[in-house]
Each structure stands twice: as structure tokens, then as C-alpha cells.
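Quick notes on the structure that follows.
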Amino acid sequence: MTDNVVSGNNFLRTIVTEDIASGRLSGELVTRFPPEPNGFLHIGHAKSICLNFGLAEQFGGRCHLRFDDTNPAKEEQAYIDAIQEDIRWLGFEWSGPIRYASDYFDTLFEYAVHLIRNGNAYVCDLSADEAREYRGTLTEPGKNSPYRERSVEENLALFSDMKEGVFDEGHCVLRAKIDMAAPNINLRDPIIYRIRKVSHHQTADKWCIYPTYDFTHGQSDALEGITHSICTLEFEDHRPLYEWFIANLPVPAQPKQYEFARLNVNYTVTSKRKLKMLVDEKVVDGWDDPRMPTIAGMRRRGFTPASLKRFCEMVGVARSEGVVDVAMLEHAIRDDLDKNAPRAMCVMEPLKIVITNYPSEKVEWLTAPGHPNRDDLAERSLPFSREVFIERDDFREEANKKFKRLVLGKKVRLRNAYVLLAESVVKDADGNVVEVHCTYDDASHGADPADGVKPKGVIHWVSASHGKRATVRLYDRLFSHESPDRGGEEFLDHVNPDSLRVLEGCWIEPSLADALPEASFQFERTGYFVADRVEHRSDAPVFNRSIALRDTWNGGQ
Ligand code: ATP
Ligand code: MG
């Protein structure tokens, strides 16, 4: 991966800089982000967004949002809405109105007529199977369709009949007349219009013929005055066709296509089709499930726009395919949250501590820093009382010296509070510890214990009489296989069975209940968490784990 990355100055920035220097780009740089509204955007789209909007920003140009909506059967308004929300959340704004390729259907129809008039397109009645046979292979040239020499008049009449709904779906298509022997199969008389008797989310029932992606994309670019049409490498072989259309149509501008390598991330699936399967098969709870690599999912997971942009910048722009380690994404998230998320305490698997020498009615409000090195983040007030919760894991009746938490007969410090000494335990009928009775040292808040014996460890806690109950969802990677995206449907077999653990009975420090949805915190000692943007309420708090404190993958705890 690193070989292809020109950090700070990726090859597209270089191309634009050179185009300005040579005068090819005399006006504004105009880019576009062209999603098909057939699913939610994913991490790969985030990269394309950062690239297109980022270039426009850097060079004082503009970036359009254009929905590439040539396949109405798979497209939906819900996706159109979600895509806009995602782009804005990332912090970008498109120039001018939202555009749709379907805005240009009238012009595209005229362009098709123009090609027919010039003898550059014809109506072909070959069936799909026949057309495949005629197309040839990578090593053998194709054969001309028997319909290739229809007259201009006949083609105009047939194309008009196609538009008027005279023929059934599949009866015929309109093809560009280029070269059936071209080594590049994309130039072997590609289809430019198909009959599809489906209603369209933008144009309703106006059309029963739809232009193909290849016939639509470049012309839409030209109509919008796009100067640099940036797409992924799989379109490299389509570039000659893109250029052929531009050269043979009366388009108002001459856009140029540039390709870069799509972003692939290990342990991650980045194909809308496969992501849709995860949703449809209910492997996840929707497109915005916090385990999904969708922008909406990552947002709900507590990833931040700044960290996603940082990640996209870090991976750079390559010209050949590579796979980026998901640990790099996780690093970007962790780094951002470490710097910016206020600290807080949450006990996930509670064990009750009774401080026998602390008066039962007494409550103290102790102060704790909002962040270890951010003075601008407000200090917090922590209620302290006779009964507190600690993690069940943080107590043992007996332990060796490596265990630096609470042990019977030993001391531990409660974070931002006092030192406790464990005196005795209360057990249930099955012998499980249900309470630990401790004494506290009144002089030990912010100071060494009076007897000079320092505790070895510091643990987090929440006052049992003031804490709030919360649901905490622990998310982990959705796939346990490094390359779930390889191959076909079997990616579903690689779903990590432990990608979600829900803990209902957690205790949080009281102020956390009032956290706004989407506020992020570091729960001390346990990780980074976000108040769920959909379900969190002050009377029923819900927090999602964004990322662990350290990389605990492969049990490396
Ligand atoms: P998918 O294969 O997930 O369906 P797509 O390419 O069909 O993706 P589009 O909606 O057509 O999805 O993509 C919009 C833009 O985002 C295109 O310019 C496309 O090249 C770019 N894009 C899609 N996936 C990636 C990726 N993994 N990395 C970088 N750019 C991507
Ligand atoms: Mg696509």
C-alpha cells in the first residue's frame, strides 16, 4: 500500500496542479461525487467524498452531488436522504442544488438521436444470449449484429417506438456503433438504452427506456461542466468509451476521467450489495447498525468526522489495488477520542462495596478532571457515599502480587476518591460474593493514606445511591475473517459471533445520564463510548462502545 501513497501531495493533487500550470484548467476546478442511491454509503465512499470535496476545497473549486440514478428498480428515496445526511455529517456541502442524472434524461435522449442521425447508433434486436455470443471474448473479436446496418430512418422510428412503449422489455436495445473487433470489449457496440417498464423515483412514469450508466455518466459530467471526473479503477477500461461519447456528441464541455484504487479494508466488507444482504438477512439491525462500515453505522458507533477524514488522508490515494489494515482506522478513531472525549466512570459488571466506617446519610461531592490534559473540558462532580459499585473483576478474595486491584485484607484507591481496605465479604447461598465490606481512610482523598501504606492500584467506581442504571453495548469487529469480501456469498459465514454483547445492568456516574445523544466519553479503564444517537434517553441511558482503549483483537488483552 505505502508504495503508491504520496502523502500530502497525492497524484490527483499533482494532476490538478499541473493542469492549472499548463492552462488546461483555466477556470474553476469542478468535481462531483456521484453515488447511485441503491444503499447507504460506506467507508470507501467516505474516501471518495474526501477526495472529491477535498480537492475542490483545496483548489477553491466546487464539488457537485449527483445521484447516478439510471437503475430505478434498485433505487430509493430513503437512500437519497441518508446519503445527503452522511455527506453533511462528514462536514462537506455540495455546490448548488442536488443533481440527478435523471435531470438529463431529455438531453440524453436527444444525444442518442444525434448518434443515430450520424450513423453512430442503431436499434438491435438480438436477444441477450445472442448478443453475448456476438460480443466475442478477450481473445477473439466480436461479430457485427445483423441489425447493424439499419438505415437512419428505420433506427429513428424504432427508437421512437421504444420510447413510446411499443415493445416489451428485452425486445430490443439501442447500441452505439463503434467497433465489434475492438480489443477493448467496452467499445464493441455497447448498449446505450434499454427498455425498462419501471417507475422512477424522480421521473415517475415518464420513461420506459433508460440510458445505461456508461452513456449517462460522462455526458452528465459534461453538462455540469465537471473538469475532473474521478472514479475508481474498475472504470479504467471504460475510459475510451467515455471519451468516444464526448468526442461524438455536441456536449458543452470536455471533462476528463481519472481513476484511483478503491479503498479496501481488511475484516470489512465494502460492497453495497453485500451490506444490503447483511441488512436483509438481519445479521445486523439495519444500515446504521454500529457494526456496519457504513458512514451512518460508524457515526452511531461513535466514530467522528475528523477521525474518518484523518484516516482517508492517512491511507492516501493509490493507483493500484491494496488492502488497508482496519487497525489504522481504529487508531485514527482512538487517537481523536483520546484527545477530545471527556473522562467518566461506568461500572459494567457491578459488585457492591459497603464502606462500614462511612456515615450512612453522608454524601460528598468530589471533583474530578474532565480530561487529564484539557483544561477547557469542565471538571465533574462525583457523589461519594457509603455504598459504591466497583467491577466484579476488580475484586478477589485472594490474589498474587500481580493483581493490583482490591483483595481481601489489602488496599486499593478509588479513582478521584479515597483509599479502601477490604475487610470481609458477604456471600449468597451458592458461595458467590455479593458484597465486600471495606473501611476507608478519611485522610486519603488526594493524599497518601495516614498509615503510609500506599495501595498498588486505582479502580473506577460509581456511588450506589446516586449512579444511574444504563445499557452498554460492546461492539467488536463484524467479521472474524481477514478478507470477508473475497469471493461470493460465503462472506456471511465469517460473521464474528461475538460482535455484540449487551450489558443491561451497568452503573454510570449520574451526570452521564444527561449526556446528549452522540456525545463521546472515555469510560476510565474500559474504553471509548458514545451515547446512542437513536436510543439514549436520560431515564434509560444507552452507550455504545466505539473502540477499546487498546487493541484487544486476538485476545491481546
Ligand atoms: P459498491 O461497489 O459498494 O456498490 P459503487 O462504486 O457501486 O460501490 P457508487 O454509488 O457508484 O457505488 O459510488 C459512488 C462513488 O464512490 C463512485 O465514484 C465510486 O467510484 C466511489 N467508491 C465506491 N466504492 C469505493 C471504494 N471502496 N473506495 C473508493 N471509492 C469508492
Ligand atoms: Mg457504482
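Here the Cβ of each residue, glycine as well, is placed from N, Cα and C on the backbone.
Sequence annotations record features per position, and here TrEMBL assigns ATP binding site to Glu36, Pro37, Asn38, His42, Ile43, Gly44, His45, Ala46, Lys47, Ser48, Thr232, Arg262, Leu263. Within 10 Å of the C-beta atom of Asn38 (ATP binding site) sit 18 other C-beta atoms, taking all shown protein chains into account.
As annotated by TrEMBL, L-glutamine binding site applies to Asp68, Tyr213. Sequence-distant contacts of Tyr213 (L-glutamine binding site), defined as residues of its own chain at least six apart whose C-beta falls under 8 angstroms from its C-beta, comprise Asp68, Thr70, Asn71.
Residues or ranges marked as domain 'Glutamyl/glutaminyl-tRNA synthetase class Ib catalytic' in TrEMBL: 29-337.
What TrEMBL records for 341-441 is domain 'Glutamyl/glutaminyl-tRNA synthetase class Ib anti-codon binding'. For the domain 'Glutamyl/glutaminyl-tRNA synthetase class Ib anti-codon binding' (341-441), the model gives a mean pLDDT of 97.
What TrEMBL records for 458-532 is domain 'tRNA synthetases class I (E and Q) anti-codon binding'.
Here TrEMBL flags 35-45 as motif ''HIGH' region'.
Here the motif ''HIGH' region' (35-45) has long-range neighbours at 67-71, 74-77, 79-80, 82-83, 86-87, 201, 262-265, 268, 270, 272-273, 275-276, 287-288, 292-298, 308, 329, meaning same-chain residues at least 6 beyond its ends whose C-beta is under 8 angstroms from one of its own. Under DSSP, Ile43 (ATP binding site) is assigned to a helix (H, G or I) in the three-state scheme.
Local packing around the Cβ, expressed as the count of other Cβ atoms within 10 angstroms, is greatest for Asp68 among the binding-site residues Glu36, Asp68. Residue counts for the domain 'Glutamyl/glutaminyl-tRNA synthetase class Ib anti-codon binding' (341-441) under DSSP, helix first, then strand, then coil, are 3 helix, 52 strand, 46 coil. Cβ neighbour counts within 10 Å, taken over all protein chains shown, single out Lys47 as the most crowded of the binding-site residues His45, Lys47. Residue environment of Leu263 (ATP binding site) contains 25 other Cβ atoms, counted within 10 Å of its Cβ in all protein chains. With a cut-off of under 6 Å between the Cβ and any atom of ligand 1, the binding-site residues Glu36, Ile43, Lys47 reduce to Glu36, Lys47.
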